[in-house]
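Chemist: The substrate binding site annotation in Swiss-Prot covers Tyr15, Gly42, Lys109, Tyr132, Asn186, Asn291, Arg387 and is backed by sequence analysis. What Swiss-Prot lists as pyridoxal 5'-phosphate binding site is Tyr72, Ala108, Lys109, Tyr132, Asn186, Tyr217, Ser245, Phe246, Ser247, Arg256, Asn291. If you look up Swiss-Prot, you'll see Lys248 marked as N6-(pyridoxal phosphate)lysine, on the strength of sequence analysis.
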Amino acid sequence: MALVNEHFLKLPNNYLFSDIAKKVNAFKVSHPKTDLIRLGIGDVTRPLPQTSIEAMYKAVDELANKETFHGYGPEQGYDFLIDAVIRNDYAPRGVYLEPGEVFISDGAKSDTGNIGDILRHDNSIGVTDPIYPVYIDSNVMCGRAGILEDGRWSNVVYLPCLSENNFVPEIPDRRIDILYLCYPNNPTGTVISKAELKKWVNYALENDTLILYDAAYEAYIQDPDIPHSIYEIKGAKKVAIEFRSFSKTAGFTGVRCGYTVVPKELTAATLEGERIPLNRMWNRRQCTKFNGTSYITQRGAEAIYTPEGKKQVKAIIQYYMANARIMKEALESTGLKVFGGENAPYLWVKAPGEVSSWKFFEQMLYEANVVGTPGVGFGPSGEGYIRLTAFGERADCEEAMKRIRKWLL
């Protein structure tokens, strides 16, 4: 008799965005002629950079000819993209990586969810709260999170990110084995300074903590004093794995490409105390479970690092950040408190009074016909907030703000 992984049964029946879809579908049934504007799920709307499109066309043509055909590629990624990543994303910031420390993948979601494969099931977990749901759910699946009680997992240490602490959590007074950090932050849209990030690196060095650092939105940072990589902090290579994505940087949500940096000097321990390089373990995991990102996709990603590609990516980011400014100004004009939207494409909106996240979501849906994401879906500290994204079309963002202003003013 085959037995199931019963940890999966601990997961709530529905993923956050499935619950939202159900409520939206119920609304559409009762209001079939109403035009909804969706500012909830963070999917992009701008086309791919032209340089990427041309590079992928060329790659397809290469696959059509025997002389230039490519079959299986290296599980770690092609050298041409790894070199482009190191030269453009890290070297200019004084961070020097070896090619063997960068692993090309099909996206940050896959890697943040799969990294637990190389870590023991009984490691203690610390997460900023609110948080991207994948971090929690992937740990539930492997038995690391414990039992869900009153919206919290029993074996997870929650580090509240509140307006009172500028959405940067306090250093815990206990030791944590694995710590998830995401900056610029999803869902709050806030950032962390070098001084604050240095505190976390020092904590990790002192406590032998592994930091899993999600920097998927670093390209949206506008403030020159905000770090783009945790490796800008001295000592971080000894304690941190960094995840990045081309999804929001270059519109690759439907193409799928990202990468993970695992420094060779980063180690973790066996029960007997032997130190094992995590780079070696991740490489072994990828060689077994991943057959590499497609050649076509990697050529498209490489193209964003050309001079013209950089211009086109910058234009895409500026478009979304202009949306964020328009939205933030409009929302604040109604008296709402709004966080984020300055160095990230997310706005974290406080519901008026003591209104709950789901109530605020439903009011916005039924009164303004705008779809957001209830903050409590990202964790207990998200209660009373809603997340809006700036990834929509300009006209939709402007119309959504008109509707919300009309509703609230």
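The first residue you see is number 1, and the count goes up from there.
Glycine is no exception: its Cβ is also placed from the backbone N, Cα and C atoms.
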Chemist: Show which residues of the chain containing Asn291 (substrate binding site), separated from it by at least 6 in sequence, have their CB under 8 Å from its CB.
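Modeler: Looking at Cβ-Cβ distances below 8 Å from Asn291 (substrate binding site), excluding near sequence neighbours, one finds Tyr72, Glu75.
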Chemist: Measuring Cα to Cα, tell me the gap between Lys109 (substrate binding site) and Lys248 (N6-(pyridoxal phosphate)lysine) in whole angstrom.
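Modeler: Each residue's Cα considered, Lys109 (substrate binding site) and Lys248 (N6-(pyridoxal phosphate)lysine) end up 12 Å apart.
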Chemist: 10 Å Cβ neighbour count around Ser247 (pyridoxal 5'-phosphate binding site)?
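Modeler: Taking every protein chain into account, the count is 22.
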Chemist: For the pyridoxal 5'-phosphate site made of Tyr72, Ala108, Lys109, Tyr132, Asn186, Tyr217, Ser245, Phe246, Ser247, Arg256, Asn291, how many Å separate the two farthest Cα atoms?
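Modeler: Across Tyr72, Ala108, Lys109, Tyr132, Asn186, Tyr217, Ser245, Phe246, Ser247, Arg256, Asn291, the two farthest Cα atoms sit 34 Å apart.
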Chemist: Which residue, out of the recorded positions Lys109, Lys248, Arg387, shows the minimum number of other Cβ atoms inside 10 Å of its Cβ in this structure?
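Modeler: With the recorded positions Lys109, Lys248, Arg387, fewest surrounding Cβ atoms within 10 Å: Lys109.
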Chemist: Which whole-number value in Å describes the distance between the Cα atoms of Tyr15 (substrate binding site) and Ser245 (pyridoxal 5'-phosphate binding site)?
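Modeler: Spelling it out, the Cα of Tyr15 (substrate binding site) and the Cα of Ser245 (pyridoxal 5'-phosphate binding site) are 22 Å apart.
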Chemist: Quick check for the class: what is the C-alpha distance, in angstrom and rounded, between Ser247 (pyridoxal 5'-phosphate binding site) and Arg387 (substrate binding site)?
Modeler: 19
Chemist: As a test of the contact definition, list every same-chain residue at least 6 positions from Tyr132 (substrate binding site) whose Cβ is closer than 8 Å to its Cβ.
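Modeler: Once residues fewer than 6 apart are set aside, Tyr132 (substrate binding site) is near Thr112, Cys182, Asn186, Pro187, Asp214, Phe378.
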Chemist: With every protein chain in view, what's the tally of Cβ atoms within 10 Å of the Cβ of Asn186 (substrate binding site), excluding that atom itself?
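Modeler: I get 24 for this one.
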Chemist: To which of the binding-site residues Tyr15, Tyr72 does the lowest count of other Cβ atoms within 10 Å belong?
Modeler: Tyr72
Chemist: Note down the number of other Cβ atoms within 10 Å of the Cβ of Gly42 (substrate binding site), including every protein chain shown.
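Modeler: Around Gly42 (substrate binding site), other Cβ atoms within 10 Å: 20.
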